[in-house]
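Everything below concerns the one structure shown next.
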Amino acid sequence: AQIRYSIPEELTRGAFVGDIAKDLGTDVAKLAAANLQVLSDSDSQYFSVNVNTGVIMVSERIDREQLCGQNPRCFLHLKLAIENPVEFYRIEVEILDINDNPPEFPGDEVSLRIYELASLGARFPIQPAQDPDVGTNTLQTYHLSANENFNLNVKARTDGGKFPELVLERALDRELRAFHHLVLTAEDGGSPPKSSKIHITIQVLDANDNHPVFDRPSYGARLVENSPLGTLVVKLNATDVDEGPNGDIRYSLSSHNSAALRQIFAIDEQTGEIRVQGNLDFEEATVYEIEVEAKDMGSPTMEEHCSVVVEITDVNDNAPEVILTSFSSSLSEDAPPGTVVAVIHVRDRDSGEQGKVQCHVSPDLPFQLRKDYEHQYSLLTSTRLDRERVAFYNVTVSASDLGNPPLSRHTILPIALADVNDNAPQFEQVSYEVLVAENNPVGSVLVTVSAADPDSEQNSRLSYSILRAGGTDPGLDPTRYLSIHPTSGQVSAKLPFDYEQTTYLQFHVEVSDGGSPALRNRTLVHVFIVDQNDNAPQVHFPRAGEDSATQFRISPSTAPPALITKVMAIDADSGRNAWLSYHLVEATDPGLFSVALRSGEVRITRALQETDASAHELLVVVRDAGEPPLSTAVTLVVLVEEKGPEALQGSETRATDGGGLPTITLYLIVSLVLISTVSLVGLAVLGVRCL
């Protein structure tokens, strides 16, 4: 929307400009809640708005002549910005001129020297008065004091300027009157009018009685801006019917021309050629009016004046300008599509189609431009953003005009995405399997679990903890045996494991990030306890005290290979650590008895003789297959007595050393095979899942 107000210049501070709340048709309270702001296109803040009343007021002195010079219309442009939702209103304030400046002549006096033979109708320009006001308040007319010889002619230029000329109406006679004193008054059209005066002194000279004459009263030319230096504008031609020096003509730029115009154009005093010697800029001036005078070399000199009007044609020599009215270099990654990132103002100093500007951004970026109104665009997000995919954008805003060829300007807007906690941590593995030897040292690291979070800073700071896994024996609390470092994920043993009590343990490790709210994930850890040979064999039969031996009695007639007894032992370990072997280490007569390596059966190996001792002591050692092996010894005393019982005979007496394995040993072997098979299957499944 656009609103226009008109106010006169030089209003006092606090002066009323307009009621924006009324003109927008909205409630004042809503404007205050919407954070109403006034944005000015100029460097000075000439206006302010009272958010409590919705009234726009003057905040600084406004001088129309200083702002707009001689432009007939003067405008100040404002933008009202309202939040929630973001809306812009364009306000155009026209500054009306008041008659606060009188016309001013460049001096208080001017002197003219006029030959007495000057022709009737000869014209003598007077430096004009300048009035910075415009319209009716600017210079309107001149008045000449009453006299007998001169009349006043006011020459109007195409740019609205008025130049006074003295016109000779009655012939001069130096012998009758050598000096004439006149008063010229400049008056503007204000109410009341303002005026100023200049005194004109005219000296009547004798001699040269013909002045130069141009072949036309005015000349016209057209140039394109940025014409190269030395470009010919026009060639003037003036003639003088006098002879000798009185007919020799010199051309020059009149003193009426401004200093700026003299820097742009130069004239050859001999040929009358006007050429370009400075920069022609259509944006600074579209037309130049050059006042030229031709003087002869008589004494006194006589002169003639003419005007050269030079029109400047615009070319596309100004690239568009991109101005950031509002810009946020940081944007949250969860910003919804349509979020305003920047408000951009564009302008081009050229005119017509060459001054129209179009803006665009790359279609490959998640941003788009929306045209709010002429010369203003808003940069919006077009899709959802993801900082983990792209964390930073350099958005190039390209502004191009419609010239031929077009000119363009590119502005890069750096936009960084701020992280939000939208990614849960992810473990490197779905599950972990750990083999731990029993009797492990306290504090040893069993496994290190690792997770990653693509978020940043606090949202990616991870913390690990141990939880009981579903299906675990309620009596096996993992936190009793294990601890985890909260930041490194190292799982350490708090107690040594005992394979004979616990062979397997599983638990969950939970990881949480530092976001708010925190996001979590879990992984399952399997801990398999590996048996160590930490238990010596235990003899179950024959039972004997610590320092005592077990006695057995046999008859002297016992024949080999009679079974004397059987040593039975078990080992709490498993696998090879529980494989037992029996050895006869010491004997009174080593050749009389033997011990089966696997079964522990003690047998007589030959018939007893009368020379054999009546008591035989046997030291049997039971040893496991661990590394290093552990063993237990048992002492047997065999007494030979006439009344002793016969040794066991029959099928048992015929048993050999390579007899079948004891039942308990068979069970241990079967258990070891089953555990090994389950472990191999589990490792194979894990390998397949990893692949």
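Placement of Cβ uses the backbone N, Cα and C atoms for every residue, glycine included.
Taken verbatim from TrEMBL:
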type	residues	note
DOMAIN	6-105	domain 'Cadherin'
DOMAIN	129-214	domain 'Cadherin'
DOMAIN	215-322	domain 'Cadherin'
DOMAIN	323-427	domain 'Cadherin'
DOMAIN	428-539	domain 'Cadherin'
DOMAIN	546-664	domain 'Cadherin'
TRANSMEM	664-688	transmembrane segment
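When the stretches 129-214, 215-322, 323-427, 428-539 are ranked by Cβ pairs under 8 Å to the domain 'Cadherin' (6-105), first place goes to 129-214. Residue counts for the domain 'Cadherin' (6-105) by DSSP state, with H, G and I taken as helix and E and B as strand, are 16 helix, 38 strand, 46 coil. Sequence-distant contacts of the transmembrane segment (664-688) (same chain, six or more residues past either end, CB-CB distance under 8 Å): 431, 433, 503, 526, 528, 570-571, 574-576, 578-580, 598. The helix, strand and coil residue counts that DSSP assigns across the domain 'Cadherin' (215-322) are 10 helix, 48 strand, 50 coil. In this model, the domain 'Cadherin' (323-427) carries an average pLDDT of 90. For the domain 'Cadherin' (323-427), the DSSP-based tally of helix, strand and coil residues reads 4 helix, 56 strand, 45 coil.
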